[in-house]
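Report on the following structure.
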Amino acid sequence: MPQAQVTGALSLLAKRPQSIIENQIYRRQRSLELINALPKELYDDKKNETNHKTYVVIVFSEKAKLQQCQDVEKVIQQFNVLTTLEVLSKTEKYLYLSATTDNLLRFADESELIKKTVTGSMQKFNYHSVEDFLLSGMTVNDIVRYCEAPVLIKDAIKPSLLSYIRNGVIEDLFPLHDYEYLEKFSFNWRRRSLPIEEIRNYFGSSISLYFGFTLFYTKALVFPSLFGLVQYYYSFNLSLVSSFYVIWTTIFLELWKRKCAGYSYRWGTIEMTSLDKPRTAYKGELKPDPITGKLTLQYPMRYTYLQMYCISYPVVFLCVTAAAYFALYQFQIEAEVLNDFGEESWLLYVPCIVQSVLISIFSWAYEKLATFLTELENHRTRSQYDRHRVNKLMIFEIVNNFFSLFYIAFVLHELKQLKYQLMMQLLIFQLVCIAQEVGIPLLAVVKQKFAKFMQKEIDEAIKHQVSDLARYEQCFFESGLDKYQSTYEDYLQMCIQFGYVVLFAAVAPFAALGALINNIFAMHIDLFKLCNIFKRPFARRTKNIGAWQSAFELLSVMAILSNCGILYLQPNIKNFFVNLFPNTSDLSFVLFEHLLLGLKFVIHKAIHERPRWVRIALLKADYESSQAYKNIKKLKAQVKID
């Protein structure tokens with residue numbers, strides 16, 4: 001290499017700006033010729049120790065041939081991913097994937113992960129400016145977190161493996177658990193709160209936001225639980241009860257937005273948009289993107305709308321109608337039992353119990369149907385997919401879970417029966433949820449424990465073939481566990497529970513206390529389930545709880561209407577308004593209901609959805625970026641002159 005080129009390149013590097021943002025922009029805009037002109041040891045960060053930790057495991061199917069396994073390994077090696085292929089038998093073929101720290105940093109650069117810089121700002125990671133992201137006490141091995149390394153490897157190699165996945169050569173692809181890290185999540189009676197930051201570092205922002213929301217919601221339930229106890233003993237006026245729940249639900253949801261904004265800023269997801277990468281299951285044709293010009297999958301939106309309005313929503317309407325019919329049929333059965341056996345018969349409890357069980361069964365079946373319909377609609381991004389699936393589900397769940405309660409309250413006007421029906425449904429709902437969360441996955445664990453027991457003595461021939469016996473045993477065990485799908489069902493359970501707590505709070509003061517007790521145990525059960533019962537899921541990035549925020553806000557508005565309706569049905573309240581406003585008694589109810597809606601709106605506007613420190617940090621980052629861009633222009637002009 002000519003000495004003049006090296007000297008020129010070094011002199012150009014010496015003029016680079018010192019600001020972090022300017023440094024990043026400058027380094028990204030340098031030409032490849034300049035980088036190649038430099039001696040390798042000046043810029044290539046390959047002096048880091050190679051990390052041979054196994055991040056991802058590929059399990060081949062029984063029909064996969066040895067040559068196909070080797071072809072997959074060669075494809076993956078093109079991305080500089082370290083591989084170890086072990087073909088032990090026709091049914092046991094594993095490919096272990098790892099990567100050097102240097103390669104993980106390159107993947108992080110390509111994925112544009114947001115990381116904290118030494119100045120405290122959040123910036124897109126730049127492989128050529130690693131020193132800008134080395135906080136106090138950190139090494140280069142600490143930049144890529146536990147949850148990010150498997151995802152970076154998967155995102156890099158999976159597009160090239162889709163044909164092998166579709167053909168059934170690859171049966172599964174999952175990250176291995178880190179048992180040493182899992183010790184941080186072991187149950188501890190002294191721990192008063194869940195380690196949200198540790199959960200994020202291991203499982204990613206999507207799962208950690210669920211636990212953060214559950215923890216925040218559980219703490220918020222303390223206030224209506226205490227209020228319910230006081231309400232029971234002192235028989236508060238129902239107008240006071242309605243006003244309390246309007247204030248509580250609104251403040252709770254608004255404060256959660258602020259809490260969520262803080263989480264998403266620290267985790268580098270707050271500026272995610274709907275233009276994110278498409279879902280893996282998204283189908284379309286490769287066409288130039290109108291924004292970036294790159295070839296991306298595109299699908300005509302008119303076909304999505306046709307699917308939604310001509311197939312999906314008519315099917316939803318039929319399911320909602322069927323759910324309403326079954327809810328009303330319960331009352332017909334109760335009337336027949338009452339006529340045949342009298343008011344004292346224990347058989348009167350059977351229709352209510354059966355109805356509560358059917359609600360859980362219908363919820364499970366409809367969740368599968370809603371997922372199937374949303375898949376057919378072929379939404380591009382995960383956020384769009386989740387929003388439309390939640391919309392379908394909430395329409396059905398509101399009718400399935402609460403239609404009979406509204407019928408009892410506003411058609412039959414039986415508040416005593418309403419209270420009994422609500423508490424029975426809530427109790428059975430929570431019992432069924434616990435059974436689903438623990439019972440079914442626990443069977444999978446028992447099955448795997450039994451399989452491991454039956455093969456306690458590993459064949460000597462296998463011992464000589466495997467390079468790491470402990471890794472093989474772990475892979476054998478975890479490959480048989482059930483796959484954790486998403487936080488979808490967990491949010492659904494919380495949302496339905498929230499409806500039971502707030503929709504008829506005027507007649508069910510202990511609903512919040514029951515939900516509080518359930519959630520205290522449910523949080524730890526969910527964490528235990530993730531750590532011990534399911535395969536470790538790949539981390540997903542998200543900035544909020546998505547469509548579930550709208551679902552909770554919808555229920556809070558419905559709670560105003562339902563509790564005001566119950567209030568107006570009280571004989572003394574209704575007579576009071578009739579005597580006070582003989583000709584406009586119904587109008588007075590509407591005015592009171594609108595007064596509470598107005599109070600909710602005022603609280604919503606008074607509480608900003610982002611804390612002040614987050615708003616300042618974002619504005620500061622925008623200002624620094626604009627200033628850096630100006631300085632880069634000046635620097636380029638100076639370089640041309642020189």
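Any Cβ shown, glycine's included, is placed from N, Cα and C.
Unlike curated records, TrEMBL annotations are generated automatically.
If you look up TrEMBL, you'll see 199-618 marked as domain 'Anoctamin transmembrane'.
The transmembrane segment annotation in TrEMBL covers 199-220 (among others).
Residues 213, 216-217, 220, 223-224, 502, 505-506, 509-510, 549, 552-553, 556, 559-560, 563-564, 566-567, 570, 573, 592, 596, 599-600, 603-604, 607, 609 of the same chain, all 6+ positions outside the transmembrane segment (232-256), place their C-beta atoms under 8 angstroms from a C-beta of that stretch. Positions annotated as transmembrane segment by TrEMBL: 232-256 (among others).
Tertiary neighbourhood of the transmembrane segment (303-326): same-chain residues 355, 358, 362, 366, 369-370, 373-374, 376-379, 388, 392, 395-396, 399-400, 403, selected by CB-CB distance under 8 Å and a gap of 6+ residues from either end. Annotated transmembrane segment per TrEMBL: 303-326 (among others), in sequence order.
Per TrEMBL, transmembrane segment is recorded for 346-366 (among others).
As annotated by TrEMBL, transmembrane segment applies to 390-410 (among others). Sequence-remote contacts of a segment are chain residues at least 6 beyond its ends whose Cβ falls under 8 Å from one of its Cβ atoms, and for the transmembrane segment (390-410) they are 312-313, 316, 319-320, 323-324, 327-328, 330-331, 355, 359, 362-363, 366-367, 370, 373-374, 417-418, 421-422, 425, 429, 492, 495-496, 499-500, 503-504, 546-548, 550-551, 554, 558, 562, 565-566, 569.
According to TrEMBL, the transmembrane segment annotation covers 422-446 (among others).
Under 8 Å from some Cβ of the transmembrane segment (546-569) lie the Cβ atoms of residues 238-239, 241-242, 245-246, 249-250, 253, 256-257, 383, 386-387, 389-391, 394, 398, 406, 409-410, 413, 415, 491, 495, 498-499, 502-507, 577, 589, 592-593, 596-597, 600, all in the same chain and six or more residues away from its ends. The transmembrane segment annotation in TrEMBL covers 546-569 (among others).
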